[in-house]
Amino acid sequence: MYFVESTLISSCTGCGHQILDRFFLRVSPDMEWHAACLECAECKKSLEESGTCFVKDGKTLCKEDYYRLYGIKCGKCQKVFNKEDLVMRTRMQIYHFDCFRCESCDLHLLPGDRFHLRDGHLLCTADHDAFETRSEESKDELSQHLDVPIKRASTPPQRTTRVRTVLSKKQLHMLQTCYNANPRPDALVKEQLVEMTGLSSRVIRVWFQNKRCKDKKRHLHPTPTQTAQKTSPPGEADSRLMPSQMLETPCTSLVSSPVSSGIQ
């Protein structure tokens with residue numbers, strides 16, 4: 001935004017009248033204003049003396065209102081970042097340094113600490129593991145045979161029949177491959193498995209729960225055959241591909257605050 005000496009007849013973008021003043025304000029690239037007409041569309045503050053004007057969606061805004069409406073906000077406190085702020089980044093959000101905390105215990109997570117994103121919530125490793133343990137111990141979520149009960153109307157006593165989900169070789173191979181890469185897939189991976197296998201999300205969830213339970217029992221009570229088997233070569237498990245990245249992610253280092261620049 002800058003003053004221009006009037007040499008041609010032009011119209012004010014604000015009031016629509018011709019500009020007959022000797023000097024007027026030009027907002028890049030082609031918006032021209034009477035000096036008295038250029039104001040913030042939100043707070044109505046005159047922008048004649050500010051020297052800076054922001055234009056967004058056809059509206060002129062002062063610096064404060066522009067950052068309030070369109071600036072990048074913290075994933076926790078939802079406040080706009082300042083240029084001096086230090087921030088922490090995850091794959092989906094940006095946080096103030098002091099706001100980067102576990103949502104369960106309020107532990108301040110520092111650069112180098114490990115954290116987990118569970119349904120968009122930030123958790124430290126201890127709380128994430130505790131949550132997983134509680135889920136594992138929930139007996140009503142476990143079903144040994146992937147059975148879905150269906151009640152049929154009949155004469156008393158009422159009987160309950162079950163429809164067993166039979167997995168094809170292809171479906172079983174997809175589930176087993178994913179399990180080998182990550183026994184505890186996140187919601188995104190499970191959604192991908194629903195699309196790839198055609199199974200319901202509940203069947204996939206119960207299959208993984210059953211598989212973990214069986215493997216845990218084998219680990220606690222190994223058979224003689226399992227005991228005699230050789231262990232896999234070092235690094236073999238790390239070479240498998242995963243349908244999605246694991247939720248456990250190291251904190252990134254401190255970076256400067258991402259504040260957008262305005263139109264000068």
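Just so it is clear, glycine is given a Cβ too, placed from its N, Cα and C backbone atoms.
Features reported for this protein in TrEMBL:
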{"type": "DNA_BIND", "residues": "160-219", "note": "DNA-binding region"}
{"type": "COMPBIAS", "residues": "223-232", "note": "compositional bias 'Polar residues'"}
{"type": "COMPBIAS", "residues": "246-264", "note": "compositional bias 'Polar residues'"}
{"type": "DOMAIN", "residues": "10-72", "note": "domain 'LIM zinc-binding'"}
{"type": "DOMAIN", "residues": "73-134", "note": "domain 'LIM zinc-binding'"}
{"type": "DOMAIN", "residues": "158-218", "note": "domain 'Homeobox'"}
{"type": "REGION", "residues": "215-264", "note": "region 'Disordered'"}
Secondary structure content, the DNA-binding region (160-219) (per DSSP, counts of residues): 43 helix, 5 strand, 12 coil
The domain 'LIM zinc-binding' (73-134), counted residue by residue under DSSP: helix, strand, coil: 13 helix, 20 strand, 29 coil
Secondary structure composition of the domain 'LIM zinc-binding' (10-72) [DSSP: H/G/I, E/B, coil]: 8 helix, 20 strand, 35 coil
Mean of the pLDDT scores, which run from 0 to 100, over the domain 'Homeobox' (158-218): 84
